[in-house]
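As written in Swiss-Prot, here are the features:
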type    : residues                       : note
BINDING : HIS99, ARG170, ASP280, ASN281  : substrate binding site
BINDING : TRP355, GLY441, ALA442, ASN445 : ATP binding site
Amino acid sequence: MAERAARHCCLGWDFSTQQVKVVAVDAELSVFYEDSVHFDRDLVEFGTQGGVHVHKDGLTVTSPVLMWVQALDIILEKMKASGFDFSQVLALSGAGQQHGSVYWKTGASQVLTSLSPDLPLREQLQACFSISNCPVWMDSSTAAQCRQLEAAVGGAQALSLLTGSRAYERFTGNQIAKIYQQNPEAYSHTERISLVSSFAASLFLGSYSPVDYSDGSGMNLLQIQDKVWSQACLGACAPRLEEKLGRPVPSCSIVGAISSYFVQRYGFPPECKVVAFTGDNPASLAGMRLEEGDIAVSLGTSDTLFLWLQEPTPALEGHIFCNPVDPQHYMALLCFKNGSLMREKIRDESASGSWSKFSKALQSTGMGNSGNLGFYFDVMEITPEIIGRHRFTAENHEVSAFPQDVEIRALIEGQFMAKKIHAEALGYRVMPKTKILATGGASHNRDILQVLADVFGAPVYVIDTANSACVGSAYRAFHGPSLLCLVSIY
Ligand SMILES: O=C(CO)[C@@H](O)[C@H](O)CF
């Protein structure tokens, strides 16, 4: 067989809700290899749906940590079987679903540092976790712990100013508080708590990887200005928590070289660097190559806004995270639950289920909709917490219906104006160089994008973000060493 040309590269990993995915990116930043392991399809013994278990209370949502471990075994074996040349990997980084947490049992670090290259990870890490079903971002069972945390630091806005967000049920500090309160024995037998991102990095490192500033901003525990754990928040959640978390590090940090396990079992070069893993959304921001003043709008089931900010003003809506690319800057995330399902409902009601009729309605109505304004929340909205449909005429009279064309423009203008208003509340300002990067289903409709451009007064570009978290992680793997962001973590 012809010798494969040597092709130095970096790997970008994504330990997401439904799968583990990897891409290999070469020095020209081209993706030349990708693979994935889908939890529901390829690891059926764990019995997950959408990669998770929703518990009987309808609020608790977890994922088995050994499913994530075994998925890594499988994907590396698939890469090996495909002939992937691991010896060309200069560095790797990755992403994990945000807010999820992993609980390493006392003594696990000795196992992690002395893995036998003759055995898969799953077999060797079987007894290394004090909690086998990890809370993940879809969990909403910690309302009591959220209230306790906000009370401990002076209220929701005070917590937002300190950590970038008010208390959210999915945020890790509240999840740790629940585990300490409801399973104190497991908590006492836990020597290290990782995020999904730093857990994945730990597997490659063969030792505990620190939490990075950006994903650490999704815990309600990290002071986002000083980039240190808030003692008030730690104390409100659980005792001796700081020693279990370790010291957070800049997201561009090289946290070490790859473990000898991967060198001997797969042929990685011993000098392959591991750059701190981060959250999926921060990694996507890097993957979309967002710059200051840019906005990324993901128009999917829920609409998500990514913003690059220099001087954030944390609020009661949305989240401010430390920026994964520039440690002096920040990023903001705004989630709007009434996204494409709301657009499809109005399409069905006011455009006979046809996107071309929907577009014609936008073409036949003018910018500003003659002063008619609408807000449409058929499910409880996250930003802000409200439900129902609310329509107002130019004379500021609330009405129960609009003509079909007016209804369609009111929906789209209302959705995008809400995004702009909440973005500005977090400190965002449109700049002359602002680009809007649109992705997701609705980004295929030019007439919807035209309204987006009109509302923000900025050009809109459509991008494909299918692998943005992975690709962003591979970029960060290249970027880390160039910044020589070496942090001694030993
Ligand atoms: O909770 C979220 C962000 O705050 C989600 O986007 C998760 O990161 C998805 F994994």
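For all residues, glycine too, the Cβ spot is worked out from N, Cα and C.
Recorded residues GLY441 (ATP binding site) and ASP280 (substrate binding site) have their alpha carbons 19 Å apart, per Cα-Cα distance.
Nearest neighbour of HIS99 (substrate binding site) by Cα distance, taken over the binding-site residues TRP355, ALA442, ASN445: ALA442. Its own atom aside, the Cβ of TRP355 (ATP binding site) has 16 Cβ atoms within 10 angstroms in the protein chains shown. Same-chain residues with CB within 8 A of the center of the TRP355, GLY441, ALA442, ASN445 CB atoms, the ATP site residues themselves not counted, are LEU299, SER340, ARG343, SER443, HIS444, ILE448. Contact annotation for binding-site residues (TRP355, ALA442, ASN445) versus ligand 1: none, no CB falling under 6 Å from a ligand atom. If you compare Cα positions, ARG170 (substrate binding site) sits closest to ALA442 out of the binding-site residues TRP355, ALA442, ASN445. Counted over all residue pairs in TRP355, GLY441, ALA442, ASN445, the record's binders of ATP, the longest Cα to Cα distance measures 12 angstrom.
Close to ASN281 (substrate binding site) in the fold, though at least 6 residues off in sequence, lie GLN98, THR304, PHE306, PHE321, MET331, LEU333, ALA469, each with a CB less than 8 Å from its CB. The record assigns HIS99, ARG170, ASP280, ASN281 to the substrate binding site, and the maximum Cα to Cα distance across that set is 15 Å. Using a 10 Å radius centred on the Cβ of HIS99 (substrate binding site) and all shown protein chains, the other Cβ atoms total 25. Remark: of the binding-site residues ARG170, ALA442, ASN445, the most isolated position is ASN445 (fewest other Cβ atoms within 10 Å of its Cβ).
Of TRP355, ALA442, ASN445, all annotated as binding-site residues, the residue with the shortest Cα distance to ASP280 (substrate binding site) is ALA442.
Of all Cβ atoms in the protein chains displayed, 26 besides its own lie within 10 Å of the Cβ of ASP280 (substrate binding site). What surrounds the substrate site, by Cβ distance within 8 Å of the Cβ centroid and not counting HIS99, ARG170, ASP280, ASN281, is the set GLN97, GLN98, GLY100, TRP137, ASP215, GLY218, GLY279 from the same chain. GLY441 (ATP binding site) has a Cβ environment of 15 other Cβ atoms inside 10 Å.
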